[in-house]
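In what follows, a single structure is set out as structure tokens and then discussed.
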Amino acid sequence: MPAQIAIEEEEQQQPLLHSTTTDGIEEEVVTSSLSNEPDALKRKLIGSNQRLLSLDVFRGLTVALMILVDDAGGAFPSINHTPRFGVTIADFVMPFFLFGVGVSISLVFKKASSKSLATKKVVLRTVKLFLLGLFLQGGYFHGRNNLAYGVDVAKIRWLGVLQRISIGYLLASITEIWLVRNVMVDSPTAFVQKYYIQWIIATLLLSLYMCVLYGLYVPNWEFQSPSLTLSTNGPHTQIVHCGVRGSLEPPCNAVGYIDRYFLGEPHLYRRPVYRRTKECSVNSPDYGNLPPHSPEWCLAPFDPEGILSSLMAVLTCIVGLHFGHILLHHKGQMHRVVLWSMSSFALLFSGFVLQLLGIPFSKPLYTLSYMCITAGASGLFLTIIFYIVDVKHFRKPVVLLQWMGMNALIIYALAACDIFPAAVQGFYWRSPENNLVDGLESLLQSALRSSKWGTLVFVLLEILFWCLVGGFLHMKGIYIKL
């Protein structure tokens, strides 16, 4: 997967206050977007010449979690994505990315001298991020244990993790550039007046999502399946019987219908998480062979980063904007901690209430309850990290995550997208199985006499390796961004 790839690293490559770098380049002041407030220069976020280190650590934690759940999720299905409803560790990664993107946007566009120029930069970065996601996750690279590459353009996957982040980045940035009012924030009322249009946009997106999810009629549909049962071979046309409204089940929800209609069935993800349900896997909650009399939709494609669910995911970015605005307008460190905590617990409480009212947690559908609980968890984790790192200045215990977070994009591309492991596997001894990656993992499994725990130790070492790579890049002053 995933969450907050550092699309906008700019605010993390410069101090948060007005200062001059060693190169004599004057840095911007962190003030309100398009603000003419006379006290703007007096707002002290963290301290002169200091970065918002907690956001770096938060990014690093998110990338580390993604590597963990992607590479150890097979050995420990309990931390992998939930097959249908509910949440696991893996289901928090994508919202963490999106939430961090929102916080970054609020800092980057704190003061835009030219709205049109800022918009041009946003569009350009959105296109670059989308194309990067298409290149990394569209099917061209086949991942670990597969040295082949290439993709049939007729079956390329249009959407994915980076594509979803690009959509959230685009919409959230546009609201921050164009829809923030030029109001001096000197009271809670003024804070609301400055940003209320963004929340109107969020409400409209939510309303559109809920109306389509529960009101759109989903007819019967068909797809090309390579095999429906263990006893059949070759492609078959399978018919999925729906004819319903408001279903949240895998075969007949409006999220999948929208993607099939606009993107086309060949361009959707071919290995969705619901193949790990009891109906579709003898090894549930892990992937496995089809059980006897499995339903026809078990082999159907479904994109967990689809169109409708990505619109809902934009709300997580907007929540991140809200947390960034609190950081900008409230100078007391503990005041920020209190406001962030209140917002986080309010979201968590709302998520659980919505779940009790019948809206289940669902990452593939990105339901409202799921958005609330994951955005609340994102805010709570950032609050804790902020308190430890930027308030109490306990930084040494998290310096590895900080290094990883400062180059989150390149580490995500190389590690989480399996580019680097697959490249290393390309050098082998006589047989493709005899490579450094598989050899080290097998060695650890043998030493620990457990395939599961050997895999976990291997993944933890992998995370440590990428933390050190991030540290090396940081010491060399290299920060890779789009």
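A Cβ is built for glycine as well, from the same backbone N, Cα and C atoms used for every other residue.
Feature list (source: TrEMBL):
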- 51-199: domain 'Heparan-alpha-glucosaminide N-acetyltransferase catalytic' (DOMAIN)
- 89-110: transmembrane segment (TRANSMEM)
- 122-141: transmembrane segment (TRANSMEM)
- 161-184: transmembrane segment (TRANSMEM)
- 196-217: transmembrane segment (TRANSMEM)
- 307-328: transmembrane segment (TRANSMEM)
- 337-359: transmembrane segment (TRANSMEM)
- 365-389: transmembrane segment (TRANSMEM)
- 409-429: transmembrane segment (TRANSMEM)
- 453-473: transmembrane segment (TRANSMEM)
Just give the helix, strand and coil counts over the domain 'Heparan-alpha-glucosaminide N-acetyltransferase catalytic' (51-199), going by DSSP.
-> 99 helix, 2 strand, 48 coil
Are there three or more C-beta pairs under 8 angstroms joining the transmembrane segment (409-429) and the transmembrane segment (365-389), sequence spacing 6 or more?
-> no
Sequence-distant contacts of the transmembrane segment (196-217), meaning Cβ under 8 Å and at least 6 residues beyond its ends, amount to 175-176, 179-181, 243-246, 248, 253-255, 257-258, 308, 311-312, 314-315, 318, 321, 365, 367-368
Check the domain 'Heparan-alpha-glucosaminide N-acetyltransferase catalytic' (51-199) for me and report the mean pLDDT.
-> 91
